[in-house]
Amino acid sequence: MILGNFSEVSEFRLLGFSEISHLHPLLFVVLLSLYILTLMANTVIALTMNGDNTLHSPMYFFLTQLSCLDICYLSVIIPNILENLMVGTIGISKARCATQMFFFLFFGVAECFLLAAMSLDRYVAICCPLHYTIVMNSRVCKSLVAGTYICGTAVGLVHTIITFNLPFCGFAINHFFCEIQPLLDLLCGNTFPREIQVIVVAVFAILCPFLLIIYSYSRIISTILLMSSAESQQKAFSTCSSHLLVVILFYGTASSMYLRPKYTYSASVDKFLSLSYSVVAPLLNPTIYSLRNEEVKRALRKKWRNINLVWKCNRIFALFQMVVVVFFTVNSCSVKGISR
């Protein structure tokens, strides 16, 4: 068994937002609304890009993957939060907690590397435009996405196996899901080696792709500055500004969460940061891309017109059916009256 050699603790208690229990109803409504809105926004973006032939370029392929990751990432955490807000402190088995941590790390790390792959795509598009279709072909794009999932799987498995094969001396997790730092606080004995492990994983999962993004954008900015016309510069920058905003939003909250010393750790701050990158970021991602990208807005408008057209056709067809039914009903009544 991967998660064998468990300690005596067989169940944890998620304390959630126990310190602000009077705000639970309000938080429940807000988070449920954000969850539904995020699912709808990311689903619309993914379906629009899959269904529109003009959006079948590598950039939109990566964006579709990002929307799918955001949906999965959010769904790992939000149901637990909503349950916690409804009933208060909840119990979670060690196996379920380990599974939740694995998928949380899997989707989070995969998103880190996917953002790096998207920066590489923008680098090739702006710095090597003549070779773009050759370099960023379908095989390369699929390989990059597969690589992000492999990295996510590796980090998730290693972290989860090591953590849950250690003895726990407590069971109350001061968080709303099985987050890494609150779990480390429950370990018996000296936790310093485990903290080093977290930092090493964070350096691999956060800093490595972030350095690739920094390098890509340094080359992109230098290339844009060498362009002759202001119009060309603006057009080139507009193609990567959305991605840059998403990177700042995601990496800003993730790095402040995992790349800080333990003495600065605070449970309330940790919960706020977790909400920022697990709830707010997935909601803002499709908003940023749809509002700042003319092609996406055009495709969404086209989709909306098609939906309206189908809806109108269905209404006309329903009205026609009603007229036919009424006609035959009246006819039938008239025939019966004549026969009498």
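Cβ atoms here come from the backbone N, Cα and C positions, even for glycine.
Note that the coordinates shown come from a computational prediction; the quantities given were computed from them, not determined experimentally.
In TrEMBL this protein carries:
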- 41-289: domain 'G-protein coupled receptors family 1 profile' (DOMAIN)
- 26-47: transmembrane segment (TRANSMEM)
- 59-82: transmembrane segment (TRANSMEM)
- 102-124: transmembrane segment (TRANSMEM)
- 144-176: transmembrane segment (TRANSMEM)
- 196-215: transmembrane segment (TRANSMEM)
- 236-254: transmembrane segment (TRANSMEM)
- 274-292: transmembrane segment (TRANSMEM)
- 313-330: transmembrane segment (TRANSMEM)
Residue numbers, six or more beyond the limits of the transmembrane segment (236-254), whose CB comes under 8 Å of its CB atoms: 59, 66, 108, 111-112, 115, 118-119, 122, 125-126, 206, 210, 213, 217, 220, 223-224, 227, 273, 276-277, 280-281, 284-285, 288-289, 292-293
Contact between the transmembrane segment (59-82) and the transmembrane segment (196-215) (at least 3 Cβ pairs under 8 Å, separation 6+): no
Ranked first among 26-47, 196-215, 274-292 for CB pairs under 8 angstroms with the transmembrane segment (144-176): 196-215
When counting Cβ pairs under 8 Å to the transmembrane segment (274-292), the leader among 26-47, 102-124, 196-215: 26-47
Mean of pLDDT values spanning the domain 'G-protein coupled receptors family 1 profile' (41-289): 82
